Structures are given as C-alpha cells and as structure tokens.
Amino acid sequence: EPPLDPVGLFVTRPQDGEVTVGGNITFTCKVAGASMLKKPSVKWFKGKWMDLGSKVGKHLQLHDSYDRNNKVYIYEMHIIQAKMTYAGGYRCEVSTKDKFDSCNFSLIVHAMHSLPSLWLFLKFFLVCHSNVLLPPGKSEPKTESQPDVDVWDILRRAPPSEYEKIAFQYGITDLRGMLKRLKRIKKEEKKSTAFLQKLDPAYQVDKGQKIKLMVELANPDAEVKWLKNGQEIQVSGRYIFEAVGNKRILTINHCSLADDAAYQCVVDEEKSFTELFVKEPPILISHPLEDQVVMVGERVEFECEVSEEGAAVKWEKDGIELKREETFKYRFKKDGKKHYLIINESTKEDSGHYTVKTNGGESVAELIIQEKKLEVYQSIADLTVRARDQAVFKCEVSDENVKGIWLKNGKEVIPDERIKISHIGRIHKLTIDDVTPEDEADYSFVPEGFAYNLSAKLRFLEIKIDFVPRQEPPKIHLDFMGQAAPDTIVVVAGNKLRLDVPISGDPIPTVIWQKLLSETEGRVRVEMHEDHCIFIIEGAEKPDEGVYRVTVKNPAGEDKADITVKVIDVPDPPEAPKIIDVGEDYCTVQWQPPKYDGGQPILGYILERKKKKSYRWMRLNFDLLKELSYEAKRMIEGVVYEMRLYAVNSIGMSRPSPASQPFMPIAPPSEPTHLTVEDISDSTVTLKWRPPERIGAGGLDGYNVEYCKEGSTEWVPALQGLTERTSALIKDLVTGDKLYFRVRAINLAGESEPALTKEPVTIQEILQRPKFWLPRYLRQTLVKKVGETINIVIPFQGKPRPKVTWTKDGQTLDAKEVGIRNSTTDTILFIRKAEHHHSGTYEVEVQIENMNDKVAITMQIMDKPGPPQNVKIIDVWGFNVALEWKPPQDDGNAQISGYTIQKADKKTMEWYTVFDHYRRTNCVVSDLIMGNEYYFRVFSENLCGLSETAATTKTPAYIQKTGAIYKPPSYKEHDFSEAPKFTHPLVSRSVISGYNATLSCAVRGSPKPKIFWYKNKVDLSGDAKYRMFSKHGVLTLEIRKPSPFDGGFYTCKAVNESVYRASCNSCMTATTPWATSPWPPPNTFLILTTGPSSQCLITLVFLSPPAAHPLSSLYLLLPAPHTHTTN
C-alpha cells in the first residue's frame, strides 16, 4: 500500500529528471483519492505561470487514470523529442474543493553526443574563419549593449514579422509611414557638387527634446532652403536656422509627433533628403494594479494609471494576452491616464494573475474568486419578555450586502408601527414594541441566497397578582417559573443588560442595587414596580463585569441576593506578525495569541496580505487557522508585501493587528552552468562557466570559487571574496595535485547549489605542438587601399605559451609603423594607416623549444593611379577626332583596368563622358558639332577608382563647318585582325567543396573571339552546373557548389575568324602554349593543294614531333595581307 502524505494531497511527487536532446521522458504524480468525493483538479506548469494544458501536441501529452485497488489517482506528463529549450523548472498543482497542494521539479536537457574528430576539426576551422565564411552583412552579434537604441537600424535589420513588436516596444506611432520612407532612401548617393557633407539618411529624437540637422556646402555663399514634407519651413521659435562657415544647421526645439516627417535641404537644383523619427518616452505605470478577492458572480474591475494619456497598454492573464476579440467576456476601458479591465460576472476560472504592460513597465495583481460562504458572527437568542415590554432579536453575519427575511412560525413578518425591521452593516434586527401574548412564537432569520435558518423563541411572561397578607417580609424570587437561579449571567459587550428580579413584600419593599468592590457609572438605571424590579445597563462593557447585590427592605424585614455578571467580547487585536522565512514565492508567518481573548476561547485566526504600495488587503485563508504559524504561497518574486491577522472567538472577529515589517519574496539563484576547465599550467588553473539559468529578483552579487583535494572533504576558497566574472584564474597551486573545483552563485537570499567538476583535475602543464590556423582570406594576396586600417588576426595553438616573431621580407618590423599584440591563442598585426611601402610578404613564426610553425602573408597596398601621359590629337576629320595617349607613370600598385575619356566645348567648358572603362590607349570621338572647338581629357582607372587628375589636350580640336573643302588623306589600308592571345593565363587553384568557385583569365583578339571551355577535353557548353562570363576581355567560368568529382584539368579555348583576300577561310585557334611557340615548328613541312572554286587546302606534316610540340597542340596559320604566301 503506498504511503500517505500526512500534510499534502500527493502520495508520490514528480521527481527531477534528465534527458538527451531528441529523447522522451515521463513525469508521474499520484494523489490519494480515498477521502475525495470527486476527482481532483491537476495542472502542470513550466516556470511560474505558463500553463502546459494549452501546449498539448506533438511534443507534450498529459494522461490520467485511477487505480481502484489502491484508490489512487495517477497523472502523467510525457515530453516527446525533447529540445534544449525544454530545460528548466516545472510545477504540478492539485486542488480539491477545500484543499490545495503543489510540487516543484526540474528537467535537465543534455546536448547530443560528441561528433567524430574530423567534424570537430572542420567545425573549429569554420568558427575560426567565420569572418570569411559568413555572407556579407552577417556577422556575429555583439554582446556589448549600446547606450542609445537606434530604432532605424533595428527596423532595417529586423524581419517584417517583428515590425509591430518593435513599434510597440519603442513607442513608434506611425509604423506604416516609417516603412514607406524606408523604401525611398537611396543606398548609394552620387557625388554632389553642392554638398561636401549631406544629411544622414535618418535621425531619431525623443519627444520633447532638441535636434540639429546639419549640412556642409561647397560654396559658402550659396542660398539654402529647408523643406518639411515638401513645404518650406519658416523661421519661428521652434525652428532656428544657423550659418557657421560652410555649415548650415536647422535646429528643432521641443520636438513633437508633428515633427515626425521627411526633411530636405535644397541648394540650387540639388537636394539632400533625410527622415526624422520622433520617439515617444516610455510609458510608466504611476498607479499599479491591486489584488482583489470577490465572490462568484460579482463584478471585477482592475484599474491602473499611466504617465501619458491615450497610451497603448496590453492586458495579460497568467502570461496569455487578452485580445480585443474577447469583448464578450473582458471589457477594456480608457479614461484619460486611467485604464480599466472589467469582468462583469466573474467565475472560478477567472482566478489568476492579471498583468498590464506598457513599453516602460508592468504591474501584476492577483484575482481570487471565492464561492459564496456566509459566516454567522452572532446568532439570535431566545427572549422572555413581560407585557408592554420591548423584544429585540439581533444577529450579525459576515457580509454587509446580504439581505434576508424574518419569519414568525414560518410566515414572513410584515413590519408596521409596532414591529420594525432594520439592517445596518452586518447587523440585522427585529424589534417588537409593547409585547402582547399574541407575539409569543418561534422567530427565524433567513439570509437571501444561503441555506441558513437562524431561529429563536419569544416567551411571554404573565404576572399573576395574589393577595398577600400585610406586613409580609420582603423576598427576592430568583427561582421564578420553577427554574434554578443562574450563578452567572453572560452578556455580549455592547448589548443591553436587563435583569428582571421578582420581589414580594407588604408593604412594597425598597430595592437597593450595588456592585461589590467598585462603583457603577451613569449608564446604569433601576426601574421599580410593585412585584419586581429591573436592573438595566445600556451597552455592557468589560468594566461592568462583577458581582451585583440586590437588597430589598420593608418594615417587616429585608432580603439580599448576589448576581454575577460576565461580559464577553471579541478578542483584542494580536500583535504584529513576524516573517521568519522567505522563499521564491512563499513566506512563513508566525504570531502570538492576543493578550485578551474576550472571555471566550480563541477559535482561530484569519490572515491577510497586501502589496506595500497598495491599500487593498487580500484574505489568504478560508478556514480558520488553528496554529500560530502559516506558510503563505503564490506570491510574486520581487514584490514587497505586508501581513496582518485577526483573532476570532465565538463572539466575532477582532480588530486587525498592526502590519508586519515589509518583506520581499526572493530565492537563491540556480547553480552556474557549463563549468569547464579552460587551461592548466604547473601552478594555475583557468575555469569558465555560464550564469545560472534562474537568477530571480534578488539579482546576482557574484560567484564563490572553491577547490578540494581528492580524498579530502575540506573546501578551500580559491579567490578572496566574490568575483563578478564568469571565469577565474586560480594561482599558487601545487604541481601534481588532483583537485576538485566548485562554483556557487550568491545573491541576497543566499548561496546556490554548487556546480562541480565531475573528475579531479591534475595540476600539470600539457605540452601542445605549435600550429597556426590561417584564415582562408589570408592564403591569397591581401589587397588594401592606401589610408585603410589593417587588422590581421591569426589564431594559433601551443602550450606552454609560444614565442611569436613577425618579419617582413626577412627584416624585423618597425614598431613605430606596425603594431603587434600577442595573446595565448592568437596574434594581431595592426597598421593604423596603410601606405605603399607596407606592401610585401610578412612571415610570422610560433616557437616552443625546438618546435615551430610558420605562415607567410602577402600584402598589396594600392592607390588611385596617376593621370595618363602625352594626350594628343592625332587627326581631325568630319565630325571625328582621333586621340592617343600613353599609360600613366604611376599605376597605383595595381593593374590599369581602363580609361575614361571626356570632352568639353570650349565655350562652356562643361565636361561630358564619351567612353568609360575603355581599355585601349587610343580612340576616336565621333558625333561632334561642326563649328565648335573641343578639349579632351583622359582619366586612368584601377581597382581603387579613377585618378585624381586627368591629362588634358593642350590645344582644342576645331570641327570645320559644311562647305569647306576636305581632302581625305590617303591611308595605307591596315589589317586590324589579331589572333587571340591570352594576356592573363589560367592559374591552378584549390577550392573547398560546397562553395562556388571561379576560374578567370584574360584574352584579346580581333574580331572578338568565340570562347569554349573544356574539362578534361570535354566541352562544358551544355552543362547547367557551369556558367561562363565574358566582360571586357575577362573570361570567367563559375562552378556551382563543386564536389570532389569536379576536380580536373580545365581548358579555355578562344577562336576567331578573319576574311582572307583570296576568300580563303582558315580556322585560327589560340591557347597559351601557342603564344610562345616558334613557327614553323621544327621537322615539319606544308602541302598546299588548290581545290574547286579557288579553295586552298593547307596540310601540315610532322616528320618527328618533339616533346615541346605535342600532337595535341593547336597551331594557327595567319594569312599575310595582300599576298597568297602563308607564314
């Protein structure tokens, strides 16, 4: 038989578990059901409030069953194909009609088993070279937070699905307009002649702040106009124009949402555009939500106040957003700065934590829905009343709003002039004046909506007057109606005490009332009648308690009697409770009984709590607490609370005790994660770890690091005090010791569980061979521009720390020009401003004793080229001008890629581009206008761009007008045919599988040759895996995602055709070997045969082919101009 839990509802609680990624795990709990009338309610949570009932699906399943033999309910939670994000704390809650219990447990998810060593090596290689392998613009995120948030940059980088979330978080009101403006911004701006510095693409400013928009002009005397959304801005108190030298500044004071617009600065015909985004300040919650306790069916209204009118807020219940579509149940209301959440008819399902969120904070309140339960503090009592007296039935219930009816013998009492019904607060009264015998009956009070019936009996006392002889001694009849005289009369404080004492005697005796040992006050009065006397105290109080003596006298004698009166009341308020223990979401409260129990035993206590800044107290227990301590649960970590309590006896509930000292539920953090040993030497150990998964509201003060020798139980502090870093270097250790290490996280609530190394660590240096991990981009020539910053990082390995040496072209580097920084894992070469003389081959060597490793890096620093030389006008004819020039003297340490030719009319001297990216050193400029004179200039170009200056013709070229006699010069016909020739051959190379690769070469020839690509002598023209490009003579073959099968011998063939004077076509094919091979080849002769239609057949015969001219080579026969002789 399973053991029963004497405190909670669980028979078996869920236990902590561990699982590997992709694995399955099951958590089980058992609940005792022998004493339950119906099935309990069980909920599973992750974290604090995320209900897993709504997450059931492919990866999560919930099951329950009932064991009839043991009368146990079994509940199971199955996690299928676990992921790393499933790790964390879980909670299981079970509740019945009058009981509640919960249990916490955790799940640890381990990563997959280690990969093969080759894959680990490749992964490490890829990580080391991530700056090359990552596509442009995709870099690792920086961990350092920036003080100013650039919403513009965040929106530009974020996916469209995140736009609304970012707009809510940063207070963007016009998201649609902002996105439209984003599209209109140009990525690259052309060089401006009016502006030296244009406006930035966008600016951002907080609402109410000041911003300056500044441009810098090329002409300081130019007039400037500022436009806002196309309308010119006029000078005012908010818009200020400033001119400081070449700078023009527009200052906008006290920015509002109306200033969120597009701005332009106009100079002549040029414009500079920008966007100004006005960011609203964060919305703060000035008055938070308050906890509420209501009955089922009552109206609930949560109210909060924010710092701005019309601000957007979001309501959540237990972490789930309340949508506007659910207006059939939840109603949202705004009134200036106040926001309301209204639930008209509450149900038990509405219990939970409600949160209101803004972009500047949030507030949480708890709603508890109680089933209607009425408590009777004072029931009605039986009355015995004499004729013409007043009868008062009074009862007190717990709810002031409860109404009810009075019944007389089962029939409703109808009030009139003599019978009055009153309801004041929690007290209901039925008053009957001038009681008659007909009023004797059973009276009941029935509260509306509750199954209660408070009953009492009214007895009518008849007075019989008998004749007695005169001179009868006085007599006090306390045992009237055959009943024994009570020793003590009990009265509730505040009620009217009325003592009717029958007396007899003739003549009528004199009655004297007196209180022993004390005196009575003015609230006491005595009424005398012939046969009885009445002692009345209006509103009995504690001092009225005691022994009262009544004395009757007449001439015949006297009689005395003592009556004890006891006044009972509600207890005194207890002293302020004390908080003796605080946890993450609970606290333990302890208190002492009240000094005065009101004359009745204490039945129990009622405990209440509230938030420090709130005014609403919330009741924590429905049943009276019998003990003098209580553990309050379901509190919010990080919120300050106060506690108070009431004492309850049979009379009622005391006034509340003073509030306890404020306290905050906090818990120690969880243990640090991923504790690893990063490095070991003969006397030091370097540890690294990650912060705890759960830190809590108490924050994190630091970490405590300790170590212990193997076989010992004494833990020694490794550092003095706490460390805030997630790594530690432990020094002064003994070589050869085997030590365990542990790390604890510490905050205000105390220490976490320790993170412990699984195996002992031997303190001994590990020798590791030095080796460089050269990034891929450094294996080729590193090309940089003059003036750029060079920062080369080369990681390496080696233990103990190796010696690093840098040299350039065999010479030691100058520390004034080149900065070197070495660490234990990498070396950095830094040049702040690159110059031409920094080009060359750099060698770096790491050395440990007699082991070393070297790598070489080739660096090319290039600059813009100089202008071309000797630009001349060779000839002018018709509308054409022939130009010629020489390459520049300074090519900027890079190959000249082309020239840009411009022309300018002598009258206007406005320059227009005729040719760009032109590769030859001569050209013909056409389509010129007759009668005009033209100057020409030429810029040279390389990879850095155009030359700073241009070479200009010294004299203009004059285009003669129509009618002038023009004698065309006689030119010797020139054959421009040119056989294909490779100016840059193919270079063998190695590529990485899976990444696109290219093969490039350059060719020239006239007419333009046709290009063919071969792989192992197989034509690649029809293969979709390859793409061929040809641009300005540069030939490129792109191989898409090559595999090892794409390795081989690639050939590029260029073929062109020219027309022979004798109409003889010949095939001319050129490859790189042809360009240097002599012609004719040795040991060969030609055979020429004339065929039909004047066709000529040329045969090349090899007598003994040498090794330098294999038969696989191709030879080109060129026709000599104007002759039939073959060269």
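Positions of Cβ are set from backbone N, Cα and C atoms, glycine also.
Note that the coordinates shown come from a computational prediction; the quantities given were computed from them, not determined experimentally.
Residues or ranges marked as domain 'Ig-like' in TrEMBL: 2-106 (among others). Applying DSSP to the domain 'Ig-like' (2-106) sorts its residues as follows: 7 helix, 54 strand, 44 coil.
For 190-267 (among others), the entry in TrEMBL reads domain 'Ig-like'.
As annotated by TrEMBL, domain 'Ig-like' applies to 281-375 (among others). Across all of the domain 'Ig-like' (281-375), the predicted model scores a mean pLDDT of 85.
Residue counts for the domain 'Fibronectin type-III' (573-669) by DSSP state, with H, G and I taken as helix and E and B as strand, are 0 helix, 37 strand, 60 coil. Summarising the annotation, TrEMBL assigns domain 'Fibronectin type-III' to 573-669 (among others).
If you look up TrEMBL, you'll see 671-766 (among others) marked as domain 'Fibronectin type-III'.
Under the heading domain 'Ig-like', TrEMBL lists 770-858 (among others).
According to TrEMBL, the feature domain 'Fibronectin type-III' maps to 867-962 (among others).
The domain 'Ig-like' annotation in TrEMBL covers 980-1063 (among others).
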| field | Segment proximity, the domain 'Ig-like' (770-858) to the domain 'Ig-like' (281-375), 3 or more C-beta pairs under 8 Å | value | no
| said: If you count every Cβ pair below 8 Å, which range out of 2-106, 770-858, 980-1063 shares the most with the domain 'Fibronectin type-III' (573-669)? | reply: 2-106
| query | Within the domain 'Ig-like' (281-375), how many residues are helix, strand or coil going by DSSP? | reply | 6 helix, 49 strand, 40 coil
| note | What DSSP reports for the domain 'Ig-like' (980-1063) is 3 helix, 42 strand, 39 coil
| task | Determine how many residues of the domain 'Ig-like' (190-267) DSSP places in helix, in strand and in coil. | result | 3 helix, 40 strand, 35 coil
